[in-house]
Amino acid sequence: MSLFEPFQLPFMARALVELVILGVLAGTVGVLVLLRRLAFVSDTLTHTVFPGVVIGYLMAGQDGVFWGALAAGAVTAVLLTVLAHRRRVSEDAALAMVLTSLFAIGVVLVSQRTAFTSDLTQFLFGRILTVTQEQLVQTAVVTVLVAALLAVLRRPLMLRTFDPEGAAAAGIRVGLLDLVMNVAVALVVVAAVQAVGTILVIALLIVPAAAARALSDRLVFIVPLACLIGALGGWLGLAASYEASVYHGLRLASGGTVVLVLVVLYGVAALAGAVRRRVGLSRARLGTPELEMTR
Amino acid sequence: MTQQQDRTAALVLEQASVAYGHVPVLEELHGTVRSGEAVALIGPNGAGKSTLIKAILGLVPTVRGRIEVLGVTPAQARRDVAYVPQADTLDPDFPVSVEQVVMMGRYRKIGWLRRPSAADRALAAEALERVGLSDRAKNRFGTLSGGQRQRVLLARAIAAQPRLLLLDEPFNGVDAVSQHALLEAIALLKQQGAAVVVSTHDLAIAHLACDEVCLLNRHQFGFGPTDEVLTPERLRATYGGHALELRGDRVIVTQT
Ligand SMILES: Nc1ncnc2c1ncn2[C@@H]1O[C@H](COP(=O)(O)OP(=O)(O)OP(=O)(O)O)[C@@H](O)[C@H]1O
Ligand SMILES: [Mg+2]
């Protein structure tokens, strides 16, 4: 498999840059999503951002997609924060119903159009190979913004994630922090929507972070590892789908291939993590047995 | 109240009632804890011990009366108040080391961006030393035993250099070694002039470590010197319709 040659083509190069930036963005935010157990937030967002994308597209064409997604994402982030502070959102049947309805509204709206199937596919699974210069800039700006935000807030975020009551007791505005967190997740979904679609972005958020967590117990390593794995998945996935389409007559969708590569990377990381833990454990046992007992 | 008492009173409850929204949880609490003293909050499950601690932190509103912390309102006093949660409420999988947890106690003083100074690091190391866990500094928090985790959380509070320390059932499921380490560290804090509020089900600990006791069950059933308040009659009243036996220093509640 050729890992570099495909990217001499301008559209492939743009796709690669987009996926590498997204990998870094989603990897960083994904670690927080993983630690806060917020998978349902990204889940919710993918359902609500979809109708936003459709409405944006119907109103302003391709340019409307980003802004439609942004509006829907922002509203969702605020609503989720408010709901979570009232009661448990994650296990709420009513919420599930609202989400599916919103999703259905998106589908109904798209079905008005003649190019129904191709549009639907685009919104759900993205179109990585037609990424434009402008989209790259958008993604890069979002990434810089979110990374700066998380860097500034890293201490309150860490304290709030580890010990919510302790954070509140220390005077941290937990509600505000949760809103920021939900907005960050929304921004990832929005940034990724045109490239990988609303469905696959969940994998981009969850899988690299989980893989990095399996490899390390230390946050200073987990975050860069997650970024690296996210970017690596994008690169290998693109190369694989190009190889299959051009040389083997197999049309592999790029977005889907990227996700599958990420899952394979996770498998490798989980295995490596299990080995690491076992080695660490036997080392600890050999090391200072009597000390372990008395303490 | 005289000027002198005012200055040394770390916590003042004045006919204070505390409520979640419209649901009153605690009513008419009255008492004072001075700097260098410890008070034990004792009462059955659901009595409102945790709620009182949250009210002292300003996280649950006082709807009537007044709670004064270090001479100001609870919210204004937070900088000088440290809270020790129950260790088993925290996620044991969280990727954070023992020394990082202790350093969290310095966050308020360090701020959001500045790197911890040598002084911050020294204070954190000293706090960990005081609970006897210096050799575990690099370990992941979740790999420690429950009692050790509780000690780390106390070290985090010590590192914050509080004038009022609040502990919510720190002795639950803690072995003798850890209990001893916790008590020693708390005694030293008291010596240095901090006031301590600790909720517990263990009367022995109240006798051992606390100057005062607050008997709670939605109302106050007594607030004063340990020996005066911890009487079988008052305990029976506090624990309500349950038959209560005192064996040695344990409260034994038998369902009627
Ligand atoms: N967030 C809340 N909203 C409404 N009511 C609450 C809330 N938290 C606690 N309560 C109620 O307040 C009462 C006191 O609870 P609290 O947790 O303070 O008791 P406790 O003395 O700490 O009990 P335990 O020994 O079980 O820890 C209980 O009846 C509880 O149902
Ligand atoms: Mg409690």
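Numbering starts at 1 and runs along the chain as displayed.
Placed from the backbone N, Cα and C atoms, the Cβ positions cover glycine too.
Some features that TrEMBL has for this protein:
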type	residues	note
TRANSMEM	A:12-35	transmembrane segment
TRANSMEM	A:40-59	transmembrane segment
TRANSMEM	A:65-83	transmembrane segment
TRANSMEM	A:95-116	transmembrane segment
TRANSMEM	A:136-154	transmembrane segment
TRANSMEM	A:166-189	transmembrane segment
TRANSMEM	A:195-212	transmembrane segment
TRANSMEM	A:219-240	transmembrane segment
TRANSMEM	A:252-275	transmembrane segment
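Counting only same-chain residues 6+ beyond the ends of the transmembrane segment (A:195-212), those with a CB under 8 A from a CB of the stretch are 15, 18-19, 22-23, 26-27, 29-31, 33-34, 39, 42-43, 46-47, 49-50, 53, 122-128, 131, 135, 139, 185, 188-189, 221-223, 225-230, 233, 255-256, 258-259, 262-263, 265-266, 268-270. The transmembrane segment (A:219-240) makes no contact with the transmembrane segment (A:136-154), as judged by fewer than three Cβ pairs under 8 Å among residues 6 or more apart in sequence. Long-range contacts of the transmembrane segment (A:166-189) within the same chain: residues 22, 25-26, 29, 32-33, 36, 38, 41-42, 45-46, 49, 69, 73-74, 76-78, 80-81, 84-85, 142, 145-146, 149-150, 153, 156-157, 159-160, 198, 201, 204-205, each at least 6 residues beyond the stretch ends and with a Cβ under 8 Å from a Cβ of the stretch.
The largest share of C-beta pairs under 8 angstroms with the transmembrane segment (A:136-154) comes from A:12-35, of the ranges A:12-35, A:65-83, A:95-116.
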